[in-house]
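Participant: The structure is given below, and queries will be raised subsequently.
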Amino acid sequence: MYLINQNGWIEVICGSMFSGKSEELIRRVRRTQFAKQHAIVFKPCIDNRYSEEDVVSHNGLKVKAVPVSASKDIFEHITEDMDVIAIDEVQFFDGDIVEVVQVLANRGYRVIVAGLDQDFRGLPFGQVPQLMAIAEHVTKLQAVCSACGSPASRTQRLIDGEPAAFDDPIILVGASESYEPRCRHCHAVPTNKDK
């Protein structure tokens, strides 16, 4: 990584579920706090699995967060004394999130976003691909495939223990009872006629 001499840039943390995205976001935020920098964390209101007002990793690490309904609501909470803006579960935000992140970085903030880069079908998820394209730094994390133990880059949605069909709804917030990390070879997405 290169030394950045100017303020304002974008970092994307992405990967499958259970790859440590929220944990990495929390780690980066805590490091900034140790350095006496002011950070604020946002999350979409839809993410209420573990807490309404915290970003919580699957292993229980947490940091206070401001839940917002729309991307542009983030601006209402930004003050000039802040250094770092962190956004978890970025794939759940509306299409304005790309512009919001660009504006914040252009204003001199370090912007850290974390989210799924692929949906349960293995296709690009929401605005994450665009954010990856404009980011100065991209960290792609992998989990361990729950079926074979290989590196997992995909998220398997399970309904009653069976892989969800391709045309099932994209957004369904859940935890380990609904999703598993899978490698390319163990990931399965049948069509409804295959079920």
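Backbone N, Cα and C atoms are what each Cβ position is placed from, and that goes for glycine too.
Marked as ATP binding site by Swiss-Prot: Gly15, Ser16, Met17, Phe18, Ser19, Gly20, Lys21, Ser22, Asp88, Glu89, Val90, Gln91. The active site, proton acceptor annotation in Swiss-Prot covers Glu89, and the record cites sequence analysis as its basis. The Zn(2+) binding site annotation in Swiss-Prot covers Cys145, Cys148, Cys183, Cys186 and rests on sequence analysis.
Structural setting of the listed features?
Facilitator: Annotation note: Ser19 (ATP binding site) sits in a coil segment as assigned by DSSP. When Cβ atoms from all protein chains are considered, those within 10 Å of Ser19 (ATP binding site) total 24, not counting its own.
In the three-state DSSP assignment, the secondary structure recorded for Cys183 (Zn(2+) binding site) is coil. Its Cβ placed at the centre, Cys183 (Zn(2+) binding site) has 21 other Cβ atoms within 10 Å.
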Participant: Select the most exposed residue of Cys148, Cys186, where exposure means the fewest other Cβ atoms within 10 Å, treating these as the binding-site residues.
Facilitator: Cys148
Participant: Could you say which of the recorded positions Asp88, Glu89 has its Cβ with the most other Cβ atoms inside 10 Å?
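Facilitator: Highest number of other Cβ atoms within 10 Å: Asp88.
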Participant: As a test of the contact definition, list every same-chain residue at least 6 positions from Met17 (ATP binding site) whose Cβ is closer than 8 Å to its Cβ.
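Facilitator: In sequence order, Leu116, Ala143, Thr155, Tyr179, Glu180, Pro181 meet the Cβ cut-off.
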Participant: Quick check for the class: what is the C-alpha distance, in angstrom and rounded, between Cys145 (Zn(2+) binding site) and Lys21 (ATP binding site)?
Facilitator: 16
Participant: Count the Cβ atoms, other than its own, that fall within 10 Å of the Cβ of Gly15 (ATP binding site), considering every protein chain shown.
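Facilitator: For Gly15 (ATP binding site), the 10 Å Cβ neighbour count is 24.
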Participant: I'd like the Cβ neighbour count for Val90 (ATP binding site), meaning other Cβ atoms within 10 Å of its Cβ, all protein chains included.
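Facilitator: The answer is 30.
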